[in-house]
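Database features (TrEMBL):
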type	residues	note
BINDING	A:Gly168, A:His169, A:Ser170, A:Ile193, A:Ile234	NADP(+) binding site
DOMAIN	A:8-123	domain 'Tetrahydrofolate dehydrogenase/cyclohydrolase catalytic'
DOMAIN	A:142-281	domain 'Tetrahydrofolate dehydrogenase/cyclohydrolase NAD(P)-binding'
2 protein chains.
Amino acid sequence: MSEETLILDGSVKSKEIQEEIKREVEKLEDEEGVVPKLSIVFAGNNPASKSYIKLQQRICDKVGIESEVVDLPGDISEEDLLAELDDLNNDDDVNGILIQMPLPDQVDDDKVIRSIDPDKDLDAFHPYNIGELVIDGDAYVPCTPEGVMALFDMYDIELKGKDVTVVGHSNIVGKPMALLLLNRNATVSVCHIDTKDTASYTTESDIVIVAAGVPNLITADMVKEGAIVIDVGINEVDGKIVGDVDFENVKEKASAITPVPGGAGPMTIAMLLKDTVQSCKDMLAN
Amino acid sequence: MSEETLILDGSVKSKEIQEEIKREVEKLEDEEGVVPKLSIVFAGNNPASKSYIKLQQRICDKVGIESEVVDLPGDISEEDLLAELDDLNNDDDVNGILIQMPLPDQVDDDKVIRSIDPDKDLDAFHPYNIGELVIDGDAYVPCTPEGVMALFDMYDIELKGKDVTVVGHSNIVGKPMALLLLNRNATVSVCHIDTKDTASYTTESDIVIVAAGVPNLITADMVKEGAIVIDVGINEVDGKIVGDVDFENVKEKASAITPVPGGAGPMTIAMLLKDTVQSCKDMLAN
């Protein structure tokens, strides 16, 4: 079985996308004299955030996108943070704004996400963008589920009519993932921590997408023979990065599976780059 | 069995809500000198729309809410319709705006729903409002799924951890219904026309909510013993209004069921009244 399992290689697909973006960025610079720019807003000292930001910046650099970190003190007031955001909203050189969560306790996340200019809100935190997703409109969608959809498309995985279970119902992965799948006419079930029997859903599904943040949550007995398994989890266990899926055993049953690392993660960053370039083009056109 | 089945009586519950609204409207008039007002935008000649609008106006009248129909010609240009909408957005006496769908062909629905002031958009057509629903924020939600949730609450039906299937994935019922249920931690599956085997979902569900617009779509063999069945369908068959559920047979198996008419329908109108009064209060407070 294992030899037949297709490894959905997010690293390779992400690099393909990055190559294309690099060409687009060069073209924008040559023809319009413009370099797309991403601003990452970060407040505090979270080491995981810091290393993720470094990774984002390194990849921006590789494809020629300018990136800046707006590095704010952990004790910044909400008012000051909103003022910084306002400057970014109004800066014509800034095409995309990422708010690195979590924000410090004294800052109201809800207020911040409603204050990003929706046109620069690449991760679709703003209700306007996420609402466009519900009605299948044209707007930014959260980069992680967007990356999973890109992976399906790049591997020609048909979604219409497929039975899909999404495990996890977060605002930034589970719910938008479910909506993207519904918009493509998959049959979608969403399980989460209060679900009585997650296995009763996953064992019947053609595709299982897991974004729960729980290592080894999905075991081989929970997936049907030939299923496609997408692991969006990123967990650190004994200094090693693992997903939410018992990869070694599940891959014996699955027809296709994403590894962690190297699956959904690199696709997320690819979408971020793609959206930054798109925003730059949109801003030039307007 | 049949004697034990609880009929979820939307007519009775709607009237309870209407009584409360009537008292609130009287209080607003006495204390603030203000009468809540709903504007219904209608273009063309659709007879079903006309009779529904009449019903809405009659019930507004009963509870003391002022209603007006902005009755536009079927050949109105998009520009003129948007100008009418703009007037309503800016009219401080108007608390709620309903756009009666379908709009004439020459008018772009997408443009219209993005032009309603979200604060007056009681049916949550605007992406901003529907996006707030995704992230469980505080905003208007589409009145039909809102009415179903109110029915659950008024009958003390627990949702957390329940297996729920929603049949239908429209923007105004199926998708927002699923999101409301997820926000209450139900496990939610959404089936639709492309679903391979809807019965495989409905037979395993504690609660089945149907909004497909297909008479007799849900038959007794498709629900499990003791399930709760909510029928949102409104279809005309041989001059009679029926839902999407084979009511007579399904009620023998269900523990609770909504009739059609007299179930979800009256709850929708009750929510519309409630939201109009809420908008009036919000506008007074701002």
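The backbone N, Cα and C atoms fix where each Cβ goes, and this holds for glycine too.
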_If I restrict to non-local contacts, at least six residues apart, and a C-beta distance under 8 angstroms, what lies near A:His169 (NADP(+) binding site) in its own chain?_
A:Lys175, A:Ala178, A:Val190, A:Cys191, A:His192
*At its widest, how many Å does the recorded NADP(+) site span between Cα atoms of A:Gly168, A:His169, A:Ser170, A:Ile193, A:Ile234?*
17
*Return the residue, from the listed binding-site residues A:Ile193, A:Ile234, with the maximum count of other C-beta atoms within 10 angstroms of its C-beta.*
A:Ile234
*Name the binding-site residues, out of A:Gly168, A:His169, A:Ser170, A:Ile234, that lie close to chain B, meaning a Cβ-Cβ distance under 8 Å, keeping sequence order and answering 'none' if none do.*
A:His169
*asked:* With every protein chain in view, what's the tally of Cβ atoms within 10 Å of the Cβ of A:Ser170 (NADP(+) binding site), excluding that atom itself?
replied: 17
*Helix, strand or coil at A:Ile193 (NADP(+) binding site), per DSSP?*
coil
*Just counting, how many other CB atoms are there within 10 A of the CB of A:Gly168 (NADP(+) binding site)?*
23
